[in-house]
Amino acid sequence: MGSCRSLSFFVPTLWSWIYNVEGFKAEHLYIIGICYILISNGFCFVSGFFIMPTVIPVPPSEKTNGKEASYELEHAADTNEGNKPNVLQSIKNGFNSPRLLEFLLLGAAVCLFMPAIEFVNKSQGDLLVASGDGGDATSVFKYFNILTFVPGPFLGALMDRVGPAIVMHFLHLCALLYYTSTVFDVYAMKIVACCFYLLAGSLCMSTVYCYVNKRFPPQYFGALVTLLFGCAGLISLINIPLYNWGLSLNTLPKEQRFRPLSYLFMGYMGAASLLSATLIYLSVIRPKRGYGEHITV
């Protein structure tokens, strides 16, 4: 899934090729937009038609015999009110959950990582250009951006073997190394930065989905993921004034005016790496130690 999401980065490049076709006029741009809407929504509808089950499967543990089912139907009206989910009670239980600290650490890591990844595309025209005639790596970056789907299957298989926390930590380190590489005013380091982004941007969202699915109750999956990415999206809005601030810096050479922002996002990803390392301890190391102690007893 993460690989397919990354493959979607190819879509804007495809549309740009169509837009630059000889004979295609600027006033025909709306045609590309309409075609994109029709094609994308058409595929979504067809996919949903095949994915949605016609009959909701019932786990064997929840199957009842005819007598028990009849009894439940007779008393459904009486128990319906008592079975309604209490939102306030669910929130209260969440604050009392032993996994609260783990969720807060995950949320903080996501809120640092997602803005850092989002800022890459916004600032690549400034961070990936060496001063003078040193070279411009943005022409290389656009291909790396499309190819971020390539590491997806391999990292996904690794995630199944070692857990999402370890892969998440690896992505955080790659993002940290991306911004570290952009600090150097050397064309070769700009290319190295593109290589690190190829890895960091591959499963940046899928690791969060997998972690929540594995470590938290499945009935709260939608609410937890929405909360995580909602907060990350709000914090990503800070990137707008940060980018404008970078444009306002008057430094020599001009191509290095975004270097302070590289240091800032290095701090972002350094903190995120520490948080994900803590998640490795909570989700991988500590359970193994507990399991080992249980076996010895």
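Glycine is no exception: its Cβ is also placed from the backbone N, Cα and C atoms.
Taken from TrEMBL, the feature transmembrane segment applies to 29-51 (among others).
Summarising the annotation, TrEMBL assigns transmembrane segment to 100-120 (among others). For the transmembrane segment (100-120), the list of distant contacts is 94, 127, 168, 171-172, 175, 178-179, 197, 200-201, 204-205, 208, 211-212, 215-216, 224, 227-229, 231-233, 235-236, 238-239, 242-243, 261, 265, 268-269, 271-272, 275-276, 278-279, 282-283: same-chain residues at least six beyond its ends, Cβ to Cβ under 8 Å.
If you look up TrEMBL, you'll see 140-158 (among others) marked as transmembrane segment.
Summarising the annotation, TrEMBL assigns transmembrane segment to 165-181 (among others).
Annotated transmembrane segment per TrEMBL: 187-212 (among others), in sequence order. Residues 1-3, 5-6, 106, 110, 113-114, 117, 120, 127-130, 134-135, 137, 140-141, 144-145, 147-152, 155-156, 159, 164-165, 167-168, 170-172, 174-175, 177-179, 181, 221, 224-225, 228-229, 279, 283 of the same chain lie 6 or more positions beyond the ends of the transmembrane segment (187-212) yet place their CB under 8 Å from a CB of it.
Long-range contacts of the transmembrane segment (224-243) within its own chain (CB-CB distance under 8 A, at least 6 residues past either end) are made by residues 103, 106-107, 110-111, 113-115, 118-119, 122-123, 205, 208-209, 212, 216, 261, 264. The feature transmembrane segment is assigned by TrEMBL to 224-243 (among others).
Residues or ranges marked as transmembrane segment by TrEMBL: 263-284 (among others). Proximity of distant same-chain residues to the transmembrane segment (263-284), defined by a Cβ-Cβ separation under 8 Å and at least 6 residues beyond the stretch ends, is recorded for 102, 105-106, 108-109, 112-113, 115-116, 119, 162-166, 168-169, 172-173, 175-176, 179-180, 183, 211, 214-215, 242.
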